[in-house]
Every structure is written in structure tokens, then in C-alpha cells.
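Undergrad: I have a structure I would like to understand better, so I am pasting it below and will then ask my questions one at a time.
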């Protein structure tokens, strides 16, 4: 048996950007999902994901990695879990209808497309927040002093 999948997972988790995206995006997903479940709301708040993207932009400002990459990955992780959780009821409803199979499949395709759009918009907003965080860190962060000062 080959150990290549294990090595791939280890290399994936060794990447600082993905590690931050999994932690910050996972935490923001937990906050968004727990708020939606506690209030019984069908709307998802994007503010925790935006805050995590902003924090990623601030923290990765001095690195070679683009802040928008960090924010986009945080947005993907942070929005995918709550959106998929909320869509479970939609798929139950679609499969529970008495309708032709082709029509149910068409509804599933539209639902999956909408889920992708929702997650993509959340990722883009988080990437924008990361670029703002990168700008804030560059504008107000500590700057190295020239030698001799």
C-alpha cells in the first residue's frame, strides 16, 4: 500500500495558508452555524467569515503569500460548512417530492449551482476583507527602521 495520500495530507497541513484557513475558517464556520441553529434563522451571517479573512490579511501581510489567497481560502472553508448544512433540508424536500426523476435532477443541479455561488461570493468577500487587512497592516503596522536610526 502506498503512503502517497498520507504524504499529500501531511504536505497539505504543512502549508501555513491552508493551516490558517482551516483553523480560522473552521472557527468562523462554527460561529455562523451555531448562530443560525440557536436563532432558528434560515439566513447565514457572513461577518465571522469576513473577520477571519481580515485577520488573515493582517497576519499574512509580511509574507510572500498574497493576502487575497489567504482570505479566499478562509472564505471557502468558512462558508462551505454552514451553506451545506442549511441545504440539507432543501435536498430532503427535493427528493421527497412526487415528480419525474429528470425534474428532480434538474432541481439538484440548480441547488448545487446556487450553493457554489453562495460559497464563492463568501470567499470573494473574505478575500476582499483580507486585502483590506493587508492594507491596514501595511499602513499602521510596525515598519523596520533603517540601519543607524
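A Cβ is built for glycine as well, from the same backbone N, Cα and C atoms used for every other residue.
Because TrEMBL annotations are produced automatically, they should be read as predictions rather than curated entries.
On a predicted model such as this, the values are computed, not experimentally measured, just so you know.
TrEMBL feature annotations, pasted as is:
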type     : residues : note
TRANSMEM : 12-33    : transmembrane segment
TRANSMEM : 45-63    : transmembrane segment
TRANSMEM : 70-88    : transmembrane segment
TRANSMEM : 108-136  : transmembrane segment
Undergrad: Between the transmembrane segment (70-88) and the stretches 12-33, 45-63, 108-136, work out which stretch tops the count of Cβ pairs under 8 Å.
TA: 108-136
Undergrad: Six or more residues out from either end of the transmembrane segment (12-33), which same-chain residues have a Cβ under 8 Å from its Cβ atoms?
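TA: Distant Cβ neighbours of the transmembrane segment (12-33) are 44-46, 48-49, 51-52, 55-56, 59-60, 63, 65, 69-70, 73-82, 85.
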